[in-house]
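Trainee: Copying in the features that Swiss-Prot gives for the protein in this structure:
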type: BINDING; residues: T11, A12, G13, R164, S194, Q289; note: UDP-N-acetyl-alpha-D-glucosamine binding site
Amino acid sequence: MKKIIMTGGGTAGHVTPNLALVPELKKLGYEIKYIGSIEGIERKIIEKEGIEYFPISSGKLRRYFDLKNFSDPFKVLKGVFQAKKIIKKEKPDIVFSKGGFVTVPVVIAAHLNKIPVIAHESDITPGLANKLATPYCTRVCVTFPESVKHIKGDKAVLTGTPIRRELLEGNKLEGIKLCGFKDNKPILLIIGGSLGSKIINGIVRKNLDNILSKFNIIHICGKSNLDENLENRKGYAQFEYVNEELPDLMKASDLVISRAGANVIYELLALKKPNLLIPLSKKSSRGDQILNAASFEKSGYSLVLKEEELEDKTLMKKLNHLYENRNVYINNMSKSKMDNGVKNITELIKKYTK
């Protein structure tokens with residue numbers, strides 16, 4: 001039996017694409033193992049899938065000054081030795097890396113063990129982890145056509161992003177039932193990313209009366225961001241984080257407000273959900289979400305509101321515009337030729353398996 005080690009972590013966006021590949025890889029006869037961080041979000045998600053999980057030391061890679069920049073390289077080095085030992089013992093035929101700081105030691109360790117590595121970059125420009133890992137990769141899968149020029153060494157392959165099959169098979173009635181909605185108001189789904197967004201949470205709750213006058217709200221607000229005072233608010237259902245329920249909640253929604261991570265926007269495109277994107281600002285990120293959002297806005301798939309312009313008035317104006325023009329966005333998304341990347345990526349994995 002062929003064996004693959006997968007890696008990726010830090011946020012759900014570095015894990016869920018891996019899950020999308022699992023059923024197809026199993027169908028192709030691969031035994032799957034996973035290397036991730038000790039305390040990252042990926043551990044719980046992967047172990048729940050029944051996949052053997054190997055935790056390693058990992059340091060965060062930062063583009064800014066922080067005292068931890070002096071200690072974290074030693075954590076990465078420790079992670080390389082741990083990953084090298086795991087890889088030597090498990091003897092995988094190939095490694096698949098989805099990005100996130102935990103993947104750098106795994107990719108280096110695979111290279112030292114002469115194991116081929118396929119990486120995947122979701123955003124238009126590569127994150128720091130993938131930039132550091134690229135020299136040790138055999139191929140780097142990319143989601144956007146614009147990304148090819150940003151990957152050095154002629155290693156880029158345009159594959160699209162992998163989307164979980166079950167996400168496309170949600171049940172609208174189950175989603176509505178889960179939220180306890182009793183009327184026929186359109187449903188607005190708000191996603192702040194797997195770690196939540198205090199800015200989005202705050203402005204939504206500040207304008208709750210206004211929004212609830214037109215919509216029922218499903219609010220996925222992130223860990224420790226629930227508001228107990230809103231538990232029994234009619235038309236408002238809040239969740240810290242959802243996994244199995246997400247397909248049903250997506251199916252039930254008519255509009256979506258979201259950050260602009262590549263994975264989630266491609267899921268919205270696949271589901272043809274009219275969406276308002278609020279990308280992370282340049283101040284609090286490397287600007288990848290701004291580029292992602294601009295690409296989708298240019299294609300007519302999304303409406304965009306910059307975080308710096310996020311105010312009560314602008315939020316309501318954009319939301320109303322999106323709802324009034326929802327069919328225009330649905331039609332634009334219906335014309336998209338973007339593929340689900342599962343088949344493209346698994347074909348590449350097959351090709352380079354030792």
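Glycine is treated like the rest: Cβ placed from N, Cα and C.
Let's see these features in context: how buried, what's close, how far.
Mentor: Counting every protein chain shown, the number of other Cβ atoms lying within 10 Å of the Cβ of A12 (UDP-N-acetyl-alpha-D-glucosamine binding site) is 20.
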Trainee: Sort T11 (UDP-N-acetyl-alpha-D-glucosamine binding site) into helix, strand or coil using the DSSP assignment.
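Mentor: Once the DSSP labels are grouped into three classes, T11 (UDP-N-acetyl-alpha-D-glucosamine binding site) ends up as coil.
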Trainee: Taking the binding-site residues one at a time (T11, Q289), which has its Cβ surrounded by the most other Cβ atoms within 10 Å?
Mentor: Q289
Trainee: Using DSSP with the three-state reduction, classify Q289 (UDP-N-acetyl-alpha-D-glucosamine binding site) as helix, strand or coil.
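Mentor: Looking at the DSSP assignment, Q289 (UDP-N-acetyl-alpha-D-glucosamine binding site) belongs to a helix.
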